[in-house]
Amino acid sequence: MSLQGSVTPPGDKSISHRAGLFSLLASGICRVANFSPCADCASTLAAVESLGGKVEREGGEVILHGAQGKLISAAVDCGNSGTTMRLLMGLLAGRPGSYALDGDASLRRRPMARVADPLTRMGAKVSTSEGRPPVTIEGAQLTGQRHELAVASAQLKSALLLAGVQAVGETLVIEPHLSRDHTERLLAAMGADIAQAEGGWRVRQSDLEQLPRLRVPGDVSAAAFLLVGALITPGSRVTTLGVGLNPGRVGLITVLQRMGSKLEVSQEGDEPEPWGRVSAAYAPELKATEVLASEIPLLVDEVPILALAATQAQGTTVLRSIGELRVKESDRIAAIVTQLGALGARLWEEGDDLFIAGPTPLKPQGSYDSYGDHRIAMTLAMAGALCGQTLEVADAACAGVSYPDFYRDLEALQQ
Ligand code: S3P
């Protein structure tokens, strides 16, 4: 069974989170079109409301009323969303009040000291439960600091920049490798005093004003599953429409092109960020590649689906320094190795590197586990599509964390 047709993926999750959360600090009213319908962004909007922000929904748009930093003390449930929790940590650290942040069992396993520690150096009063959620915050006056991050993480960088727009003095954030810059772009558009400096970003205390309108591009990380499905499934051709093409998010496209696939990318706009269409057709001669540590942040959410593509490529693909994947919604390295391995793929880890030998025909047998991780669930669904079957996957519905209509869109493409 091949995949044929075009799909408009949901609004970008990262940009939707930021639009929602930044409204807490800003003045003005923003009408957001194509706000992500995913469960994670619903957690963000619920958090905004519980902190005193006003959110309305009208004709498919989300209307955010700026709270101008006048927040109410609250206990916030961040659900499964690391972005909600980490960005809120930086945002709330500088607001007067008491806040408690918690989440589901997966979020409770994720590291928060990487955010709490640098915030503490800025004067924040943040405590974690041995480095993990629940997190409590007593708002304090923050002072700008220079931060050199040990990990390339857009969530950590964003938390520190959000603290920085409220801090006295200058805050500088330098990453070991560049990660997505949605926060920097949106803060700049909202009037923040932010600029590139020393290979990173420096920000000063700023008043923020919301854009009157924001149209969120489609989520390229959601599109990625269907595009890879088309590349590896004989006879397929899929076009994804209106997807974000932020350079910090298109590492998968670069790597797949290097592997010999003819992905066609055409940019059709640049507001609020570059966006356009991406088409993929069956690529029978994919070649293995080495993905460098500096490329990983540009495709960090696409590693599971890239690993599936690599099982069909000639030679051994190496993904370097993917240790961060151990602390995502699941231990994604373990999940990839066990679940693709159970399908017959030849792959193994060495330290923080992942090796995938191909091409290997996949042979479904028995049942599979998403580990409650949306990106693992969608990767397994695409492996099933390649084999012309629907795999039995525990908690397959968790795809709704980022892509609620994923199974419907996949079914519509199957011919
Ligand atoms: C995100 C950053 C990435 C990514 C996550 C969303 C963001 O996490 O994996 O899905 O919106 O900033 P890290 O910052 O932990 O790399």
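Cβ coordinates are placed from backbone N, Cα and C, and glycine is handled just like the others.
TrEMBL annotations: computationally assigned, not manually curated.
Annotated domain 'Enolpyruvate transferase' per TrEMBL: 3-410, in sequence order.
Taken from TrEMBL, the feature 3-phosphoshikimate binding site covers K13, S14, R18, S153, Q155, D301, K328. For K328 (3-phosphoshikimate binding site), the count of additional Cβ atoms within 10 Å of its Cβ stands at 20 [all protein chains shown].
Positions annotated as phosphoenolpyruvate binding site by TrEMBL: K13, G82, R110, Q155, R332, R375. Sequence-distant neighbours of Q155 (3-phosphoshikimate binding site) (same chain, six or more apart, CB under 8 Å from its CB) are G82, T83, R86, L87, V115, listed in sequence order.
Reduced to three states, the DSSP call for D301 (3-phosphoshikimate binding site) is helix. Within 10 Å of the C-beta atom of D301 (3-phosphoshikimate binding site) sit 24 other C-beta atoms, taking all shown protein chains into account. Annotation comment: TrEMBL describes D301 as active site, proton acceptor.
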Inter-residue C-alpha distance, S14 (3-phosphoshikimate binding site) and R332 (phosphoenolpyruvate binding site) (nearest angstrom):
19
So how far apart do the phosphoenolpyruvate binders K13, G82, R110, Q155, R332, R375 get, largest Cα to Cα in Å?
19
Round to the nearest Å and give the CA-to-CA distance linking S153 (3-phosphoshikimate binding site) with R332 (phosphoenolpyruvate binding site).
16
Rounded to a whole angstrom, what is the C-alpha distance between K328 (3-phosphoshikimate binding site) and R110 (phosphoenolpyruvate binding site)?
7
Does any of K13, R332, R375 have a Cβ within less than 6 Å of an atom of ligand 1? These are the binding-site residues; tell me which, or none.
none
Cα separation, D301 (3-phosphoshikimate binding site) to R375 (phosphoenolpyruvate binding site) (Å, whole number):
8
Rounded inter-Cα distance in Å - D301 (3-phosphoshikimate binding site), R332 (phosphoenolpyruvate binding site):
10
